[in-house]
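Trainee: The structure's right below; bear with me while I get my questions together.
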Amino acid sequence: MKLILILIFLFSCILFINCENLIKVLDVRLAQTHVIPVEGKTWNLNNNIQHMSIVGNRRAFLLASFDDPTQTYYTTIWFNDKLVGPLKLNDPSQLPPTEDKGEKYSTVHHSIMLSKEWVKVGMKIQFFTIGNDGNGSSVVKSSDFFYPDVGQDYTLKMWTLPFYLFGANDTNTQPFSKTKGIDSEITKELIEKWSCSDLQAINHPIQKIDWSYFVMEPRNGNPAMVITNSDQKKDGYAIMSGVLNILTQIRKVFGESSSSIQIYSPLLHLDSKGKYADPYGGLGGGSRGTGDYTYKGIFIHEQGHAMGLPHAGEAFDKGTFPYQKGSLSGSEWGFDANHNEFLGNFLPPTAEYYRNCQKSFLIDNKGRCIKQSVMQGGAGDQSSKYRFSMFADYEMTTIQNYFKNSIYYDETNGTYKKWNDTSKSYYDYKPITQNKGLWGIDDGTPIERDIDVYTILFTHSTVGPKELSQIYPLLKSKGNLMRQFDPTNKTEMAIIIPNTGAIPWYCHDSGCDYTVRVTFDDNSLQHVLLQQGKRKYWKPMSDLKDNIMDPKSSDSFMLGGINVKANKKINKVELLETLLGWNGISNNATVLASKSF
């Protein structure tokens, strides 16, 4: 059929020269997460311009309306001026339904699904009909070309890393087999909600965190403390905040801080009675999220925060979200390719909150309750067949920007790349040390990948008690190794001497006053100078932090982490005080924390 169409099309063009712009096309749209104009959609909120593109290498549902809807229409997809696909459009009566048999999206649009291989930068679309000239000869009438705004193609990689705390295990909470990852059906639905080409949700190489205690940082006027059950926390988000801080360290030591790789940690912990304690919420931001183990509304909300999304209602109040009260009033309809149906911006009858929605929801001009964004209490607004509700179309711009600004590692050739949104292409990128090392080196990328490593996490309080200075249990996995500096090596220390070394601002954030010393089973030692200290910002050689002796201040507390090669067994890990560490360390350096293994 495709070959016949191509031959008819080309034959008609050659013989009759009738491929003129005779078809009047009224509207062309493409649907992925949302149904948007073929040229994309742009917002200007208080002179802040945001644009939503079509995601490359992802299937897209094509809709087109014509001046004469009664004709049979075809579309051709072109790439680099080569024809890659003619397709017959389905007539408006065959347009997919709306969730829960809701109002039809359109009665005038012809449509067809485009495979992901055809959705790429540089594609163009043309429509045509095949008629008869009255003399028994075929005549092709064609349209102008349409140029979809296709943007970046990218795969969202997400680690899942369950936290089992205070004696939580497979028997008294949930089995690791259930919490360690997201099954394929959930992944399929998430792809339909997030603006990405593909999604890989994988259990982190560490597999899980299993600790009997947790060191809480100073928070909300409370001092740091060691807790052994969830009832000891001082506020509802305290443990979750601590989990996010741990995840920050893990992303950093694995060399993922500048990547788009996300991490989510289901939190399973026990209360003072040894019973499972539901976290009743979640917390997210900075590519990290934590919450319950069900991978439902809390999960998708927190991973929205992880990609930079704020609460939609608060953003509306600030003028940075376009739709009233964080709703979807004005947002384009959604589309779910898995179910081949449209998702209205109004609550469907089987939604959890449908029954009493008129008491608190915005109402449209047809008397229907308008959905809330996932980022504003929208969980429960979806049809019962779905696990997750919808984001607003505008929120896809934040998600797309999240990926545009990341560094990508190409596993096929061991190189890095970044996206250029002007040329709409990836380009080779070599990581560099920016800002003279102030926030780290090598763009936060590792120097070795996929090797056996120990992840060492630790805490220290400058005011005590001593139990606040801890070396957590070792975590062994397959991971990455960052470039490190050894304070016993004068050549390496010369590189980071403040103001004069090759990386002169390495210690300017808070000083370089701590070293981790690792003793292996062959009695060999490894020293790693930390980019952490006691100093005021930009005072690496002098003033201590103002509140370094205040137990309720974050100035008095440190959480850190490193990865070291696991080619030898570790016997002991120590955290040393090594003031002005670029000067080297003494044989009698103060041991702040120590643990033997």
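All positions are counted from 1 along the displayed chain.
Glycine too: its Cβ is placed from the backbone N, Cα and C atoms.
Below are the features I grabbed from Swiss-Prot:
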ACT_SITE  E302  active site
BINDING   H301, H305, H311  Zn(2+) binding site
DOMAIN    148-409  domain 'Peptidase M66'
SIGNAL    1-19  signal peptide
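Quick one: how deep are these features, and who are their neighbours?
Mentor: Cβ neighbours of E302 (active site) (same chain, under 8 Å, six or more residues apart in sequence): Y264, G282, L283, G284, G289, T290, G291.
Remark: H305 (Zn(2+) binding site) has L283, G284, G285, G289, M375 as non-local neighbours, by Cβ distance under 8 Å and separation of at least 6 in sequence.
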Trainee: For H311 (Zn(2+) binding site), list the number of other Cβ atoms lying within 10 Å of its Cβ atom.
Mentor: 17
Trainee: Using Cβ-Cβ distances, find the residues under 8 Å from H301 (Zn(2+) binding site) that belong to the same chain and are at least 6 apart in sequence, listing them in sequence order.
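Mentor: Once residues fewer than 6 apart are set aside, H301 (Zn(2+) binding site) is near G282, G284, V374, M375, A379.
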Trainee: If I take every residue in the domain 'Peptidase M66' (148-409) and average their pLDDT values, what number comes out?
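Mentor: Residues in the domain 'Peptidase M66' (148-409) carry a mean pLDDT of 97 in this prediction.
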